[in-house]
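Input: a single structure, listed below in C-alpha cells.
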Amino acid sequence: SFIFIQDFSQAMSQAGSSQFQEVIRQELEYSMKVELDKILATAHSNEIEHTKKDLEGFKKLFHRFLQEKGPSVDWGKIQRPPEDSIQPYEKIKARGLPDNIASVLNKLVVVKLNGGLGTSMGCKGPKSLIGVRNENTFLDLTVQQIEHLNKSYNTDVPLVLMNSFNTDDDTKKILQKYSHSHVKIYTFNQSRYPRINKETLLPIAKDVSYSGENTECWYPPGHGDIYASFYNSGLLDNLIAEGKEYIFVSNIDNLGATVDLYILNHLMNPPNGKRCEFVMEVTNKTRADVKGGTLTQYENKLRLVEIAQVPKAHVDEFKSVSKFKIFNTNNLWIALSAIKRLQEKNAIDMEIIVNPKTLDGGLNVIQLETAVGAAIKSFENSLGINVPRSRFLPVKTTSDLLLVMSNLYSLNAGSLTMSEKREFPTVPLVKLGSSFTKVQDYLRRFESIPDMLELDHLTVSGDVTFGKNVSLKGTVIIIANHGDRIDIPAGALLENKIVSGNLRILDH
C-alpha cells in the first residue's frame, strides 16, 4: 500500500501520467474500503444499519475527493448573477400578504442546524444551550418564535433539529421542557464520518465506538449532509405525507433567522406562477464579511462560491466588496419534493470542503465536508433574495454575545429587533480580547452589560472588568498591558476614550 506517499496531491502532480494516477487512486480506494469494512465489522447488530449508511455516504465523498484536483471553480467562467436572479427584499415585501396566510404557513417546516458544540466559546455541550438573553438559550428563543407564530395564526409549524452525534443526547434531554409548548419538535441526526490521517489517507478509527479515546476519530460532515440524513431518517417522507411543502433552514446561532411571511408567500404564490425550489437569503457584504460565500452565475446556473474554492491568485478579488457585493446568510428555503427527487436520483452536487485539523496528540487529519447552500445549482428555478442585515445576526463569539445581550436589541416573542433608539442602522464593531473568549470568563467581567446605544467601536484587551451601569459611546479602546488590570468603575461614561497603562497605544 502507498503509505509512504507523504503528500497525495504532490505525488499526483509529480506522477504525470494519468494511468499512474488512476492506479494510485484505485489503491487508495481499495485500502479505504478494507479499513471501513473492518470498522463496520465491530458494530453491534442494532448499529449495523445506520453505520453502513454513514460509511457508504463517506465512501462516495472520498471517491469524489480523489477525483477532484485543485480549486473546484474555473475563475474564467464566473459571472455576475443576472439582475432578476437576486431580488431585493423590498420588492417581495411590497406584494403584501394574502388573507389566507395561515394555510401557507401550514405548508412550512422550520429546520435548525444544531450539530455544533459551544467549544469556540469555551462551553461543553451543544451551542444551542448557551444562554444568550435573559437566561434564554438559542433553542429557547427558537421555540418561542415558532410558538408565537402558531398561536398568532392558529397554525401547526413544526421545528426540526438536525443534531450531530455530539449534540443529540444533551439536546433530547432538554427537549422535555418544551413538551407543553405549542410546537411539535422532531430531531434527526447528521451522519458520522471517520476522520482520515492526512498522510496515509486512511481512517484513524479502528472500531465504531465514538466515546472515550475514540471521540476524536469521528466528525459530523458539515451541514451539506442535511439532504441525505433528512431523507434517510424517514422524516422527510413523513412531512411530505402531512402536506408540508417547504423547509426554512438556518443556523441555530443566527438570531436574525426568523420565519419571514413575505418570503414564504413569494415561494408559495410566485408572481410568474413558476415556483422556486431553492431560495437563498443573501445580504450586503461589509468589511467584516469578506470571507463569506457569494452567489455567482456559473454555466447558466446560480452557484455558491466559497473562499476555499477560489484559486489563490483570485482570493483578493473574491474578497473585494465592490465586485462581489453580497454573501450567503445560510438562511435557505427549499422545496421538500425537490429534495426527495434529487436525493433519489443521487443528483445533489456539492463541492467538497477539505477541513484540516490537528488533534490533541499532534496528529494531522482531514475531514471531508459539504455545505448546504452549495446544492443551489442542483435545484430548478433557484433565487437569491437580498435581505436586510437584521436577518443575519450570528453569535459565533463572546463579542457577538455582548451585542445581542445589550440594549441595542429588544426581545419580543423570541425575536430580537434593533432598538429604535439607535440612530445608525449598523451594529458597533466589537473586539473582545482573549480574556473574554470563554463565556464564563466573559460573564464574570461584566457586572452588567454596558449601555451601547451610541457605541461605534469597542476594543478591549487584557485583564479588564466592567462595573454596573457603564455607558460606552463613540470609539472606546481599553487595553490592560500584561500584568496590569483595569477596572472600569460602576456608572462610568466612556466616550471616544482610550484607557491604557501604556500611552503608546494612542497611535491606534
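The chain as shown is numbered from 1 upward.
Cβ atoms here come from the backbone N, Cα and C positions, even for glycine.
The following features are taken from TrEMBL:
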BINDING   LYS127, GLN190, GLY222, ASP253, LYS396  UTP binding site
BINDING   HIS223  substrate binding site
Cβ neighbours of GLN190 (UTP binding site) where a neighbour is any other Cβ within 10 Å: 28
Rounded to the nearest Å - Cα separation of HIS223 (substrate binding site) and LYS127 (UTP binding site): 15
Binding-site residues: LYS127, HIS223, LYS396 - member with fewest neighbouring CB atoms within 10 Å: LYS396
